[in-house]
Structure formats: C-alpha cells, structure tokens
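Asker: There's a structure below that I have some questions on.
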Amino acid sequence: MKGAGSASFLLTLLSTITRTSAHGYVSNIVINGVSYRGWLPSQDPYSPSPPIGVGWETPNLSNGFVTPEEASTDAIICHKEATPARGHATVAAGDKIYIQWQPIPWPDSHHGPVLDYLAPCNGDCQTVDKNSLEFFKISGVGLIDGSSPPGYWADDELIENGNGWLVQIPADIKPGNYVLRHEIIALHGAGSQNGAQLYPQCFNLKITGSGTAEPAGVPGPELYSPTDPGILINIYQVLTDYVVPGPTPIPQAVEVAQSSSVITATGTPTPV
C-alpha cells in the first residue's frame, strides 16, 4: 500500500510540475531587422529602473498563463496585472513583425493556436485604460495537420521558426497608436474544463501609412468563453477540423508564410 501511495503521489507531483513549469513570454519584437525590447518578467520587476520597452509590463508570475475561467476578466487582455508599456515601436502598415518567444524552445508538448489582434488606443497607448481596448483579429492559425494525434499546430510551426512568429500589419489600417495583442493557447490539458493555458502578450505600436480601415473590435474579456470548442477540446484524437477561438479575422487580415528574422540593429522604444 505504501508503494501504491508513493506512486500516486509521484503522479500527482509530475502532473503539477507539468502544469506549472511550462511558461513563456516574448523577449523582443523585430521590425525590418530592428529589435525592440519587450518586458522580461524574470528580471524587470526586481529592477529599480527597468529599461523602457514596447512590451506591456507584468509582475513576475512565474511566466505563467491565464486560465479559461479568467477569460472574462481583465487578466485576459494583456496578461495578469498588466500595465501599458512605457514605449512604443513604429511600424508601417503592410510591414511584418517577428515576435520572439522565450524559453527556447517553446515546450513541444504545448500544442495549440497562435493568434494576433490589434486595438486602437485612441490616444497614447502608454496611458491607455486596458479595459477600453477593443480588439480585432489580424491573424489566427490553429490546427495545420490533425491526421496523427496530437497533431501539428501553429505553435509547432513557431518552434521550427526559431521560437518566433511572423505577423503582418494589414496594409490599409488607419494610422495611429495601437496595441498588438499576440497569444499562444496551449491545449495539452484542454480536454478537461479549465485545462487550456492562455499566454497573451501585448506591445505598443505606432502604425504609419495612409490607410482608412477602422475595423470594429471587442473588449478583451469578450474574446473567449471557457467552453468555446477551440478551448475545451481533446487534442489526443484524430481531428479533421478545429475552430480557432475568438472572432473571425478581419477581411484585411493576411496570413503570411512563416520565416525567422535577422536582427541587424537594436531599436530604442519611443516614450510618450
């Protein structure tokens, strides 16, 4: 009986480790070869004067995730207790942004979709109230090949792409200040209620150009429900279809071929 109890304890411990050790964050974004610093949650919260970056700032939460049950709270907007980045990067409408994830590699068991949204700040993003942001989807890639469980997913492509993801800013978006919301949803535990892991990350952008499109968006806490078919799902079966969570991408959205980005310079985030 002691052996059985020990085995049960070890299984519980391993399950806990699996659920708590797989975490991640975006260290930097790259625009036309220029790298802009994000927010480093393992070190920046402890610095009396952390560098200005373009990534939204959070306490050190063990690089953890947002649960589906928290999808109706402001934790889902840009992660738990997130506050606006103190700087922004400038990008032209139509340009691509490479988003670099840490740790390298992203856990290969954490299969799931990769999603990208924009929300206009209607003013300075550095001082925006996150609850006022309304997001529209510019990219959403989910299951690529489900013939052999657990399947080949967007995050698997991200791993093969240098642990990063390429997204294009729609060419006809109206210029202005925007928050880019980028997210991986890990589905390895999603067969159980509240088992999916959501990793939202946000960045301040100044988009330039002559576009006129102003797509309608929705507040972050209205993007998902814990029982959405793309969030509550058993991926350890043959899947012929997968419904990517969230709203439909806007008509101007462009899915780009994934490729890594060569960094040629370090950019200085622009403060207010």
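Any Cβ shown, glycine's included, is placed from N, Cα and C.
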Asker: Under Swiss-Prot's annotation, the disulfide partner of Cys202 is which of Cys78, Cys121?
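Answerer: Of the candidates Cys78, Cys121, the one Swiss-Prot pairs with Cys202 is Cys78.
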Asker: Within a 10 Å radius around the Cβ, which one of these recorded positions has the most neighbouring Cβ atoms: Asn60, Gln197?
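Answerer: Selected residue: Gln197.
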Asker: Rounded to an integer, what is the Cα-Cα distance in Å between Asn60 (N-linked glycosylation site) and His188 (O2 binding site)?
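Answerer: Counting only the Cα atoms, the answer is 24 Å.
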Asker: Which one is closest to Tyr199 (Cu(2+) binding site) in space, judged by CA to CA distance, out of the recorded positions Cys78, Cys121, Cys125, His188?
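Answerer: Closest recorded candidate to Tyr199 (Cu(2+) binding site) by Cα: Cys78.
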Asker: Nearest by CA distance to Cys78 (disulfide bond): which of the binding-site residues is it, out of His110, His188, Gln197?
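Answerer: Ranked by Cα distance from Cys78 (disulfide bond), first place goes to Gln197.
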Asker: Including all protein chains shown, what's the count of other C-beta atoms within 10 A of the C-beta of Cys202 (disulfide bond)?
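Answerer: For Cys202 (disulfide bond), the count of other Cβ atoms within 10 Å is 31.
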